[in-house]
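*Asks:* The active site, electrophile annotation in TrEMBL covers 93. Summarising the annotation, TrEMBL assigns active site, proton acceptor to 165. The substrate binding site annotation in TrEMBL covers 9, 10, 11, 171, 210, 231, 232.
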Ligand SMILES: O=C(CO)COP(=O)(O)O
């Protein structure tokens, strides 16, 4: 059985004071036992979030360098993230792919860098509106998936978490319907079957894209949706906690 994972992605938002707001709310919150919470906060806040948030909350970077160290001004390595208390990292978020030019090869290199440091990569997949309208959703999403999976061995594959985030639903207020999301999640799981049935059965596949308290329960009730990757609503602690509640 796959346990639900609710991960917030603060993107380039937040502050020390927001970390404190979350620390206070999360330490007193009664959340469903089965649900794991994670927060992907901006780099400067990872260490302090680790000190202030309950240990049960997993911390994630939002990206990482594909290099271990060296003269790469502005970059942050997987080892550094692990050093300050992250155990996960988002890889291939659509904003990284479109705004920062990360192609499938760059995404794969980052997944490998994360695995090399013992971090759990959350591999993000998703199609643009144009691609959906051209009925290329599954081809695009499964192509992004295979570009990584093909290069990994079975132990490495088993360490990934996937996130399906249709680009047209990110920050737009336009959510995929539960049926639309489920269809893609089922296609992802079917493709994982080709590698190995146990992998397909155990891999967590999150949905992301305008997930909010009022649509989370319906999305999370879908058989192949194992959690959420939440942007805007993860900046409001009450909304984030409400989504966590509906995952239980
Ligand atoms: O990109 C996302 C999470 O990684 C989704 O963002 P929104 O929830 O703001 O649409």
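Keep in mind that glycine also has a Cβ here, set from the backbone N, Cα and C atoms.
Automatic prediction, not curation, is the source of TrEMBL annotations.
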*Asks:* Near residue 11 (substrate binding site), which residues of its own chain have a C-beta under 8 A away, given they sit six or more steps off in sequence?
*Replies:* 42, 62, 95, 231
*Asks:* Would you mind sorting out which binding-site residues among 9, 11, 171, 231 put a C-beta under 6 angstroms from ligand 1?
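*Replies:* By the Cβ criterion, which requires under 6 Å to ligand 1, the hits are 9, 171, 231.
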*Asks:* Helix, strand or coil at residue 9 (substrate binding site), per DSSP?
*Replies:* strand
*Asks:* State the three-class DSSP label for residue 231 (substrate binding site), counting H, G and I as helix, E and B as strand, and everything else as coil.
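*Replies:* DSSP call for residue 231 (substrate binding site): coil, neither helix nor strand.
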*Asks:* What Cα-Cα separation, expressed in whole Å, is found between residue 10 (substrate binding site) and residue 93 (active site, electrophile)?
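*Replies:* Distance (Cα to Cα, whole Å): 12 Å.
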*Asks:* Taking only the Cα atoms, work out how far residue 210 (substrate binding site) lies from the residue listed as 'active site, proton acceptor', in Å, as a whole number.
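*Replies:* Cα-Cα distance, residue 210 (substrate binding site) to the residue listed as 'active site, proton acceptor': 9 Å.
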*Asks:* In sequence order, which residues at least six apart in the same chain have a CB under 8 Å from the CB of residue 232 (substrate binding site)?
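*Replies:* Sequence-distant Cβ neighbours: 171, 210, 212.
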*Asks:* Please compare the binding-site residues 171, 231 by how many other CB atoms fall within 10 Å of each one's CB, and tell me which has the fewest.
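*Replies:* Candidates: the binding-site residues 171, 231. Fewest Cβ atoms within 10 Å: 171.
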